[in-house]
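Working notes, structure below.
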């Protein structure tokens, strides 16, 4: 009996092994078929690349963007400029003869900075360049004049908490990388308020400064007093730190006319090329249309928005129609935490099984180096093959972890996601500053970015099967 049981167990294990082996063989065969399918797009990919980089569409995304930002300017959430920008894009997309163009209403924060200034009163008089941080409250009309404490970290602030009461906290945090250093912009006011400070000034989150403050959104916490907060230049933060190290008394007068208005009406702007075979299934290409209220918002995120529009234009110009719908979404309210995209997700998540791939470009359109991808290993293997279609421009690398505030909800829910990976070595020089203008952009780089964006989105949208998830 014991021998029989062992024999049956052995046969069962053998069956399992054979089943796994056969499954692996089937998977390998299927993947080889997918590779063959992807390889069949070489001519189409070359046509897209030729049109975008060398043909009639050369420099088009750059020229469209230049006209847009020169005409509209920056596009702060809730502002009249953003309304103008959305109307401009709605009209332009209609004129591009795409299949569907429509607006989806959302609510967005409406904050205005108003007049603002900072004056060093002691140990000498000097005007300090500032940019109020998004969501900040204002000061009284007469401003706030207070002694300053300079710290280089949250840990130092907490260790010196008794010194901070009634003072303005100046953070002179070193730039490590954006993800690490931006914590001071986001939470600096809250941490300062917890120890009794009356305002906070944050060293701009940038590795390079030419006396230019960089703004950005910050967040208050319930049950913590709200205090005014602004960014200052790297140069002034370092000067104040040197003064403090010499034991000098530092006094600053801060005036901010910032106002938080009720949420405003806005729209996500959407355009589509409807799929020929599976129109209910969708590949999304996207960038955000809003920007900060300084500079032109050409880099952040005009470039990403306009290469996403260019993807649909190139496909239309070549007379192509993918099997799935290719959907352009120009998000609103991204700079306030992706509020437009969050509302889009809530509205459309019931159709999540039909969202094949979400793509977002929001970290510049400099020289493209490849794509970042988040998804199952099987999907990654397919995307690796798709990237090989870009060999004519030598941009074939696929990196881990797609990035994008506006597509995070989809990726967290299991939808494959992709983002443009480009040379961002200079990105944070201009980020959220007056320097974010059309001068940052390069038409050759934008052509290449558009080619990458279009080839990937079209091929994924046209393949017979959706990406595994």
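Backbone N, Cα and C atoms are what each Cβ position is placed from, and that goes for glycine too.
Database features (Swiss-Prot):
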SIGNAL    1-19  signal peptide
CARBOHYD  59  N-linked glycosylation site
CARBOHYD  159  N-linked glycosylation site
BINDING   288, 300, 362  Zn(2+) 1 binding site
BINDING   300, 335, 432  Zn(2+) 2 binding site
ACT_SITE  334  active site, nucleophile
CARBOHYD  351  N-linked glycosylation site
CARBOHYD  394  N-linked glycosylation site
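Overlay of Swiss-Prot annotations on the structure.
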residue: 59; record: N-linked glycosylation site; CB count, 10 Å: 15
residue: 159; record: N-linked glycosylation site; CB count, 10 Å: 11
residue: 288; record: Zn(2+) 1 binding site; CB count, 10 Å: 30
residue: 300; record: Zn(2+) 1 binding site; CB count, 10 Å: 26
residue: 334; record: active site, nucleophile; CB count, 10 Å: 29
residue: 335; record: Zn(2+) 2 binding site; CB count, 10 Å: 27
residue: 351; record: N-linked glycosylation site; CB count, 10 Å: 11
residue: 362; record: Zn(2+) 1 binding site; CB count, 10 Å: 23
residue: 394; record: N-linked glycosylation site; CB count, 10 Å: 8
residue: 432; record: Zn(2+) 2 binding site; CB count, 10 Å: 29
Roughly how many Å lie between the Cα atoms of residue 351 (N-linked glycosylation site) and residue 288 (Zn(2+) 1 binding site), rounded to a whole value?
22
Which of the recorded positions 288, 334, 335, 362, 432 has its Cα closest in space to the Cα of residue 394 (N-linked glycosylation site)?
362
For the recorded Zn(2+) 2 site formed by 300, 335, 432, which further same-chain residues have Cβ atoms within 8 Å of the site's Cβ center?
215, 216, 291, 292, 297, 301, 431, 436
I'm trying to understand the geometry here, so how far is the Cα atom of residue 432 (Zn(2+) 2 binding site) from the Cα atom of residue 362 (Zn(2+) 1 binding site), in Å to the nearest whole number?
13
Cβ within 8 angstroms of the Cβ centroid of 288, 300, 362: which residues besides those meet this for the Zn(2+) 1 site?
287, 291, 301, 304, 305, 334, 335, 361, 363
Can you grab the distance from residue 288 (Zn(2+) 1 binding site) over to residue 59 (N-linked glycosylation site)? Cα atoms, rounded to a whole Å.
20
Alpha-carbon distance [residue 335 (Zn(2+) 2 binding site); residue 300 (Zn(2+) 1 binding site)] in Å:
10
Nearest by CA distance to the residue listed as 'active site, nucleophile': which of the recorded positions is it, out of 59, 159, 362?
362
Spatial neighbour of residue 159 (N-linked glycosylation site) that is closest, considering only the recorded positions 59, 335, 362 and their CA atoms:
335
How long is the line from the C-alpha of residue 362 (Zn(2+) 1 binding site) to the C-alpha of residue 335 (Zn(2+) 2 binding site), rounded to the nearest angstrom?
11
